[in-house]
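J.: Dropping a structure here in structure tokens format, bear with me for questions.
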């Protein structure tokens, strides 16, 4: 049972170097890891040889008749034991050094990932829907579609939709970020009435659809310990994004992916139990320290939100097909909502450390004239399972190996609400509620039924 990164280090380190280059990282660390590993393996052979000699002498002592011979054998056994113990200390230090280096490495980039270092280089692989395009955004729309060789049908409109932030706070008057900033700081919000109902309806819609597909519904812990967090993310990259509970070994979760990945921590899973498909629902908490001044208005990029997350434990030979399943599940949800989108293959330099490959689903935002990310789906292969010690047991020979883990957004409620506010906005400011959500609202007397009406009409 060998972790893939350690296997490639020994069998084909050039693959690891190439993967590092694709991410824009220095590949020389691979040479250092290989040097330490070779030194460890050489010393391991010495230790094993000494152990063997010690065992042989121990048996000779048991059968020795001559006292002098027995004394000499005992002295030699003691010398070998002392030598072995000293070498084992060096061996342990080398093993720890090798582990430190290898655990700092990102996952191996899959061959199908395009090489690039900016999200503007992400490669669209398909489009869906008929977006409404404001005349003033037509050139920008074509640059995001035709540049990549796609001819996407669209509806040209002469009125510019109001942006989601202004729709929320001034047209519908169902949100208040200024007061939330006084109470909690920037990127927090108060939502009211119909928008809250819409938030809940989106969550119910996602878990309803996914549980019908056989995904097990999970309400996970909203906090996790450091050792689990270290197993699921690159802490060096994300330390400024995660909220820590003061004086406690606990962190607020940034996504349900993290506690779901810990569900089988330090466990073995029989082959015939896989794949294990989960759908988690939780609040998410993110510092967004690296966001700077991006998306300061509204609820697109915030410190807390609700999310439904897909998570799968899979056999290695099935994980790539399951990645396609996860993104298709998300696409079906957004098709049901009627939100026009594109799926992009994320370039190597924009992958997070755990991901070997990632798809983003981006919805067209008519007021912004851009496709914006709503969903990320990743195959982390054995990057997380090695750290969390989660193994599968093959039925035929009881061989152990590390499972593959995969994750994908199903619905992030606040972002999806921003897309609804812009895409289903009428000229007067009315927001039509997607039909698939209405059955989750109609049972509540106070919930909106088919539309959210403006307090302040925009036009007409």
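For all residues, glycine too, the Cβ spot is worked out from N, Cα and C.
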J.: 286, 287, 288, 373, 374, 375, 376 bind ATP according to Swiss-Prot; which of 279, 302 goes with them?
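T.: For ATP, Swiss-Prot names 286, 287, 288, 373, 374, 375, 376; of 279, 302, the listed one is 302.
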J.: Determine which of 177, 381, 409 appears in Swiss-Prot for the same L-serine site as 255, 256, 257, 309.
T.: 409
J.: Of the binding-site residues 256, 257, 309, 409, which one sits closest to residue 376 (ATP binding site) when you measure Cα to Cα?
T.: 409
J.: Would you count the other C-beta atoms found within 10 angstroms of the C-beta of residue 287 (ATP binding site) for me?
T.: 17
J.: Across the record's ATP-binding residues 286, 287, 288, 302, 373, 374, 375, 376, the largest CA-CA distance in angstrom?
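T.: Farthest-apart Cα atoms in 286, 287, 288, 302, 373, 374, 375, 376 are separated by 19 Å.
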J.: Determine, from DSSP, whether residue 373 (ATP binding site) sits in helix, strand or coil.
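T.: Its secondary structure by DSSP: strand.
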J.: Taking the Cβ of residue 286 (ATP binding site) as centre, how many other Cβ atoms lie within 10 Å?
T.: 20
J.: Run through 256, 257, 309, 409 for me and report the binding-site residues whose CA is within 10 Å of the CA of residue 286 (ATP binding site), in sequence order.
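T.: Close binding-site residues: none.
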J.: Fewest other CB within 10 angstroms, which one of the binding-site residues 255, 376, 409?
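T.: Minimum Cβ neighbour count within 10 Å, taken over the binding-site residues 255, 376, 409, occurs at 376.
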J.: Check the binding-site residues 257, 288, 309, 373 for other C-beta atoms within 10 angstroms of each C-beta and report the one with the most.
T.: 257
